[in-house]
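**Student:** Dumping what TrEMBL says about this protein:
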type	residues	note
ACT_SITE	A:Tyr218	active site
ACT_SITE	A:His226	active site
ACT_SITE	A:Lys259	active site
DOMAIN	A:26-81	domain 'TSEN34 N-terminal'
DOMAIN	A:189-269	domain 'tRNA intron endonuclease catalytic'
Amino acid sequence: MDGLKQKPVEIKVFVSEDANEVILSPLIFDIASIEAIRKIGITGTLSGTLPLATQQNLFLSVPLKLMVEEAIWLYINGCAKFSVMNGPISSRFSELLDSQSEQLEQESKLRLQKSFELQKKYKQEQHILKMKKLGIESRIDKGASESNALIESSLFVRTSDTSDLMNHFSNQQISGKIINYLVANYSSWDNYLLFQSLREQNYIMSPGARFGGKYIAYPGDPLNYHSHMTVRNALDYYNEPIDMLELACGARLGTTVKKLWVIGGVKHGNREKSDRTVQNLLLNKEDDVSFFSVEWAGFG
Amino acid sequence: MVKKYSNASNKRYVYPLPVHPTLNSNNPISWAIYLYKCYTNYESSQIAISITKNGQIMVTERESMTYLWEHGFFGTGTLSRSEPSWFSRTYNDDSSTNVLEAITERRRLQRLEFKNEREKITKRLNELRKKRDINSAEDIEGIVKEETRLLEIERESLRNFKEKQESLSASIWKQKDAATSLDIDLVNYESLELMPVEALFLSFAIPVLNIRSDDLLNTLFHENANCETINRFINKYVAYHHYRSHGWCVRSGIKFGTDYLLYKRGPPFQHAEICVMVIDSQASNDYTWYSTLSRVSSGAKKTLLLCYVEVMLNNEEVMELWQKKDLTTIFTNCKVGEVIYRRWVPGKNRD
Amino acid sequence: MSVDRDSIEWLVQTNLLHFQKWKNVEVQDRSLSWKDRKIKLLKGSPPQSSSEDNLDENGTIEEYILPVSLSQYNEQYLTLECLDEVYKQLCDPFTERLLLAIVNDDGTIVFYYIYKGIHGPGKV
């Protein structure tokens, strides 16, 4: 991943539109990039065809199409930058971005901040684990501030007050605007957090619509493993009851294809914004994402 | 195909609904009989139901349970797959299924016992064989003896096992006779449960239950039940009534994650062909919702039917009519539309 | 302890004992107040597994059973938060899974295992 951070891959965004909205498709054309991101668990879906190739549904080629969550994940982890592909309406898209940038930014700013906190927490935990492995537990406390600082510097963090941020944005390259648009318009942020949490547990996701879910999760590279689970769209942890009919469907579906039906949601409410400091996050042992896996009991 | 069904089934399920039309239009006397029957039917064959706190509608008398099952396959036995057969499964001696189940169970345990024993012996044998490879010639004789002994034991246990399996069925039949000859007080733990829509159908459309439709609904719904709940129920009922009145046997589709299953005639005759999902005509769901449903249905080789119900009244009107329990007006203002949903794969669906 | 014959706990208990042939199915005393309901678990042991190869040595598997009712028209109530609370308050720590018993209003009860967290099918 470090290599990628030094030389982020280029995600080209193809702009199209339908009756209601402008649609962005994140694509990658460069084979070396595809290989590099596959090594860090982002597989995407090959989508290129030739009009006359009869086997076009089976053997597809570049470009690699990414799920929005994959694109956001790459960007947040500093492994990718965006650019707009030339196309019939790409210029209009820039105008659209400019006119909406303020609003988009507000929406996405909050969400990104949240993710930085999660990142910090994760890295801190990893750091502690690493130190433990090296057998230098005792020094963590003493060196805490120092190592915190190191972690902070390794993050992709924008810490600025609003006006500063506005300035920063208006001068920023197209990358920032595109990510804002993606975050604000496409992925439910909770879905992204489910994706992130699964990715941190080393699962690799691919689109799940064909199997009746949001994602299909593989325990390793999809070429080597069968998938274990169908992951449903994120539920509202507090207010959205699990639909029992749907659960019955999901679990029944899973039995025939040997997959578990996974439901998950994000706990937002137990942390006020003000105490989202690294220390508090560490003290609070609760995970931010809660998953349950469902399986038919085999009778009844 | 029809000939395949046993005569017994055809005879037993001769009436598709709990009505017995005996009217012969040419014979005035039959009119009188019909009217008389209508009258007496109304008075005498009212089927008693009870409603639990939880809103579950139960029929507990055995005759009523059988009647509702035989006249259109209404309700589900709470301890059975569909037909309320727990009592006869458990106590009845002319039904052999219970006995057969018991035999299978015993056989299974015997087989398990035998397998365990054999495994032990095999393990011991393997150990001996390993020893033989290492040890000198003097020891080998002892080892060979031991091996022969073990093999003998194995043969013996196989013989025992076979004998036991054969004598088993005979002994179980005997035990069964002994049990049924004892005069035990037989408890029936099973009731027939009716879906709310079935209960409404059997009190509103074909009144055979001992409850009036408005009383039924007042018991099932709180006084302050919200509009959404009521609309949802109206949608489900309208769909249910729609298919019942087109001659389908409609049963719950919960096992396939849908609202209903449609049978051409009924569960004893053939599998359900169609899964029905009732959808409010205003509602829209995302693609994965449809795709999940369709996968489950097609996995069970059934057609997925989306049944859209449109209520041509606004919410206030519905609520007002509901308060007055003017069900007829509500239901006559509903429209039903249907769509079959099927996954289509270009590579596989070429024909 | 006698169980209210009107309750879903009783329906699940009867179904497990007399239809699914489970053993020692009892309603637990502890309860969890959730919205305007009281959630109670049952505990019991499944009959011997139908596949002879993966029988447990001592044969005393105990499962927690969570009954929920599902009607055609009433709103549902089991949220993720609620499930977390059930695990926290009504189960022994380290409980890996619950048997969810969905009591439908059509006379059927269907059963699903719910594992806490992510659980691959290989581990079952």
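Using N, Cα and C of the backbone, Cβ positions are placed for all residues, glycine too.
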**Student:** On a simple 10 Å Cβ count over all chains shown, which one of the active-site residues A:Tyr218, A:His226, A:Lys259 is most densely packed?
**Tutor:** A:Lys259
**Student:** Determine the mean pLDDT over the domain 'TSEN34 N-terminal' (A:26-81), rounding to the nearest whole number.
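**Tutor:** Averaging the confidence scores along the domain 'TSEN34 N-terminal' (A:26-81) gives 85.
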**Student:** Do you know offhand how many angstrom separate A:Tyr218 (active site) and A:Lys259 (active site) by C-alpha?
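**Tutor:** Computed Cα spacing between A:Tyr218 (active site) and A:Lys259 (active site) is 10 Å.
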**Student:** Compute the C-alpha separation of A:His226 (active site) from A:Lys259 (active site), stating it in Å without decimals.
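**Tutor:** Pair distance, Cα basis, whole Å: 9 Å.
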**Student:** Taking Cβ atoms only, which of the active-site residues A:Tyr218, A:His226, A:Lys259 fall under 8 Å from chain C?
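**Tutor:** Filtering A:Tyr218, A:His226, A:Lys259 for a Cβ under 8 Å from chain C leaves A:Lys259.
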**Student:** Does DSSP give A:Lys259 (active site) helix, strand or coil?
**Tutor:** coil
**Student:** Taking DSSP three-state, what's A:Tyr218 (active site) in: helix, strand or coil?
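**Tutor:** Looking at the DSSP assignment, A:Tyr218 (active site) belongs to a strand.
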